[in-house]
Amino acid sequence: MADQLTEEQIAEFKEAFSLFDKDGDGTITTKELGTVMRSLGQNPTEAELQDMINEVDADGDGTIDFPEFLTMMARKMKDTDSEEEIREAFRVFDKDGDGFISAAELRHVMTNLGEKLTDEEVDEMIREADIDGDGQVNYEEFVKMMTSK
């Protein structure tokens with residue numbers, strides 16, 4: 001399944017993996033998964049975290065290594081994001097609920113994820129998604145960005 005991913009997708013997933021793998025040991029534990037989920041405004045129980053890991057933990061060691069992570073991401077991409085998942089993701093970024101993601105909101109979420117971005121990088125991310133050029137990302141633009149991957 002992971003063999004259907006492009007080089008670029010694999011590189012992006014490698015970056016995402018290292019955001020989860022806080023101690024850099026090459027595996028994601030339930031604790032690390034929980035930290036990331038909570039920084040995204042989710043509140044999974046210990047059992048839910050364990051279930052998420054067990055779903056893809058091919059070698060049964062209780063953690064997710066990079067090949068297992070790739071399998072999980074490939075699977076997730078196959079059941080392409082439902083409208084509801086995309087709306088939920090938009091709400092995570094749209095902190096003030098005004099229907100737009102501003103540069104400040106994007107920076108806030110990325111910083112919570114442990115991703116330190118320069119102002120230029122944040123502005124570039126906004127520009128890439130900002131179709132109407134108003135300097136922020138509305139829901140339609142967000143959907144286009146999420147589904148054009």
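Cβ from N, Cα, C; glycine included.
Note that the coordinates shown come from a computational prediction; the quantities given were computed from them, not determined experimentally.
Swiss-Prot lists Ala2 with the feature N-acetylalanine.
The domain 'EF-hand 1' feature in Swiss-Prot is assigned to 8-43; the stated evidence is sequence analysis. Cβ atoms under 8 Å from those of the domain 'EF-hand 1' (8-43) belong to residues 49-50, 52-53, 61-66, 69-70, 73, 77, 92, 109, 112-115, 149 of the same chain, restricted to positions at least 6 beyond its ends.
Cβ neighbour count for Asp25 (Ca(2+) 1 binding site) (all protein chains, 10 Å cutoff from its Cβ): 11. In the three-state DSSP classification, Asp25 (Ca(2+) 1 binding site) falls within coil. If you look up Swiss-Prot, you'll see Asp21, Asp23, Asp25, Thr27, Glu32 marked as Ca(2+) 1 binding site, on the strength of sequence analysis.
Here Swiss-Prot flags 44-79 as domain 'EF-hand 2'. When averaged over the domain 'EF-hand 2' (44-79), pLDDT in the model lands at 86.
As annotated by Swiss-Prot, Ca(2+) 2 binding site applies to Asp57, Asp59, Asp61, Thr63, Glu68. Asp59 (Ca(2+) 2 binding site) carries neither a helix nor a strand DSSP state and counts as coil.
What Swiss-Prot records for 81-116 is domain 'EF-hand 3'. Within its own chain, the domain 'EF-hand 3' (81-116) has Cβ neighbours under 8 Å at 19, 22, 36, 39-41, 122-123, 125-126, 135-139, 142-143, 146-147, counting only residues six or more beyond its boundaries.
Cβ neighbour count for Asp96 (Ca(2+) 3 binding site) (all protein chains, 10 Å cutoff from its Cβ): 10. Following the DSSP three-state reduction, the secondary structure of Asp96 (Ca(2+) 3 binding site) is coil. The feature Ca(2+) 3 binding site is assigned by Swiss-Prot to Asp94, Asp96, Asp98, Glu105, with sequence analysis given as support.
According to Swiss-Prot, the feature N6,N6,N6-trimethyllysine maps to Lys116, an assignment based on experimental evidence. DSSP gives Lys116 (N6,N6,N6-trimethyllysine) a coil state; it is part of no helix or strand. For Lys116 (N6,N6,N6-trimethyllysine), the count of additional Cβ atoms within 10 Å of its Cβ stands at 9 [all protein chains shown].
Summarising the annotation, Swiss-Prot assigns domain 'EF-hand 4' to 117-149.
DSSP classifies Asp134 (Ca(2+) 4 binding site) as coil under the three-state reduction. The Ca(2+) 4 binding site annotation in Swiss-Prot covers Asp130, Asp132, Asp134, Gln136, Glu141.
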Inter-residue C-alpha distance, Asp132 (Ca(2+) 4 binding site) and Lys116 (N6,N6,N6-trimethyllysine) (nearest angstrom): 27
Separation of alpha carbons, Thr27 (Ca(2+) 1 binding site) and Glu68 (Ca(2+) 2 binding site) (Å): 10
